[in-house]
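*Asks:* Residues or ranges marked as domain 'Fructose-1-6-bisphosphatase class I N-terminal' by TrEMBL: 19-193. Residues annotated as Mg(2+) 1 binding site in TrEMBL: E90, D112, L114. The Mg(2+) 2 binding site annotation in TrEMBL covers D112, D115, E279. The substrate binding site annotation in TrEMBL covers D115, G116, S117, S118, N207, K273. Taken from TrEMBL, the feature domain 'Fructose-1-6-bisphosphatase class 1 C-terminal' applies to 197-330.
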Amino acid sequence: MTPLSLQEFLSREEALAGSDPVLTRLLVGISEACKEISAKVREGALAGVLGLAGSENVQGEEQKKLDIISNDIFVEAVARTGAVCGMVSEEVPEPIAVPEELPLGPYLACFDPLDGSSNIDINVSIGSIFAILPAERPKRVPAPQDFLQPGRNLTAAGYCMYGPQTILALTLGRGVFLFTLDDVTGTFRLTKENVRVPREAKEFAINMSNQRFWEAPVVRYVSELLQGKDGPRGKNYNMRWVAAMVAEVHRILMRGGIFMYPRDSRNPERAGKLRLLYEANPMSMLMENAGGASTNGHERIRDIVPNSIHERVAVFLGAAEEVETVTGYHKA
Ligand code: AFP
């Protein structure tokens, strides 16, 4: 039997769990944007999308051509659904309004249109991340304040990974579902239901080159993992680092593990590297819905009330037992 398409899955969710048809329209719009980005990624140099754009984003990071192309695709596709009244993108300093000629809807969308930019030009996995929040009341000009809601308010979250296959991961708060893009028909089809992350882990992911800048609890935790069978954890761990959060989270959803991007002393006033609204929150919602956990070392990420739309946060997410251990070390 042919697996359900994303549209069929969302219609089933409407019938079984009473999810909102407007949300369905929004998620289908996002999946269309991901399809378009996936096609550009596949063409690479042939589509002229590789290399630098010659500009910087709000974080002061150099923008790649594909960052800007993906942002434009996302903004247009999401606005066109008529399901949102504002958007926040990693690539744009202020909230983005829906053009006058388009209708407004009851949701707010936050996204990182192209995560893992440093992998673009070397043909390694990259992705898009998205988070859907309810809007208190639809209005033409969105304010930053509208988006400053804790991640526990999210209605839906997901990512699309542009890897050997294009895979969309989605949660509406009732489990995590994976859809693989059939390139021939252009249809996302349900290929894994109710993904579960094992409580225990055998793998960890962290950029070890920053070790000398870490805080003491992280140094302690990682050194115990590195001691393997001979250390207090009593087992060997393997390490992976793709430098694209989408790929790390996808690996953890498929075979377990823990991902960390702690705060560090390179930039003491910065709470971490990853962005709360469109990286940490949606990935935390996915993790929690797959039975994993997610903290900033001190508290559950989805309980943090943001102060600004591009706020950064330290991230520890994945296998519940590991996240509890490293979080416990921060409290010791
Ligand atoms: P970009 O999307 O700006 O390339 O950043 C990717 C990312 O935010 C996240 O996806 C990675 O886990 C992390 O940065 C990698 O950071 P390092 O380059 O410091 O290892």
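FYI, residue positions are counted from 1 along the chain as it appears here.
A Cβ is built for glycine as well, from the same backbone N, Cα and C atoms used for every other residue.
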*Asks:* Taking each of S118, N207, E279 in turn, which of these binding-site residues have a Cα lying within 10 angstroms of the Cα of D112 (Mg(2+) 1 binding site)?
*Replies:* E279
*Asks:* Relative to the Cβ position of G116 (substrate binding site), how many further Cβ atoms are located within 10 Å?
*Replies:* 22
*Asks:* For D112 (Mg(2+) 1 binding site), which of the three DSSP-derived states applies: helix, strand, or coil?
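*Replies:* DSSP assigns D112 (Mg(2+) 1 binding site) to strand.
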*Asks:* Output the one of S117, S118, N207 that, of all these binding-site residues, has the highest number of other Cβ atoms within 10 Å of its Cβ.
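*Replies:* Most Cβ neighbours within 10 Å: S117.
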*Asks:* So how many of the residues in the domain 'Fructose-1-6-bisphosphatase class 1 C-terminal' (197-330) end up helix, strand or coil by DSSP?
*Replies:* 60 helix, 23 strand, 51 coil
*Asks:* Expressed to the nearest Å, what is the distance separating E279 (Mg(2+) 2 binding site) and L114 (Mg(2+) 1 binding site) at their Cα atoms?
*Replies:* 11
*Asks:* To see if you understand the setup: which same-chain residues, six or more apart in sequence, place their Cβ under 8 Å from that of K273 (substrate binding site)?
*Replies:* Y261, R312
*Asks:* How big is the gap, in Å, between the Cα of S117 (substrate binding site) and that of E90 (Mg(2+) 1 binding site), rounded to a whole number?
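*Replies:* Pair distance, Cα basis, whole Å: 12 Å.
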*Asks:* Give me the count of other Cβ atoms within 10 A of the Cβ belonging to E90 (Mg(2+) 1 binding site).
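*Replies:* For E90 (Mg(2+) 1 binding site), the 10 Å Cβ neighbour count is 26.
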*Asks:* Can you give me the residues near the recorded Mg(2+) 1 site, meaning same chain, not E90, D112, L114 themselves, Cβ no more than 8 Å from the center of the site's Cβ atoms?
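*Replies:* So the additional residues around the site are D67, S70, N71, S89, E91, F111, P113, D115, S117, S128, I129, Y278.
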*Asks:* For S118 (substrate binding site), which DSSP three-state class applies?
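*Replies:* The residue in question, S118 (substrate binding site), is helix (DSSP, three-state).
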*Asks:* For L114 (Mg(2+) 1 binding site), write down the residues of its own chain that are at least 6 apart in sequence and whose Cβ falls under 8 Å from its Cβ; none is a fine answer.
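*Replies:* Long-range Cβ contacts: I37, K64, L66, D67, S70, N71, I120, I126, G127, S128.
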*Asks:* Expressed to the nearest Å, what is the distance separating N207 (substrate binding site) and E90 (Mg(2+) 1 binding site) at their Cα atoms?
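*Replies:* Spelling it out, the Cα of N207 (substrate binding site) and the Cα of E90 (Mg(2+) 1 binding site) are 21 Å apart.
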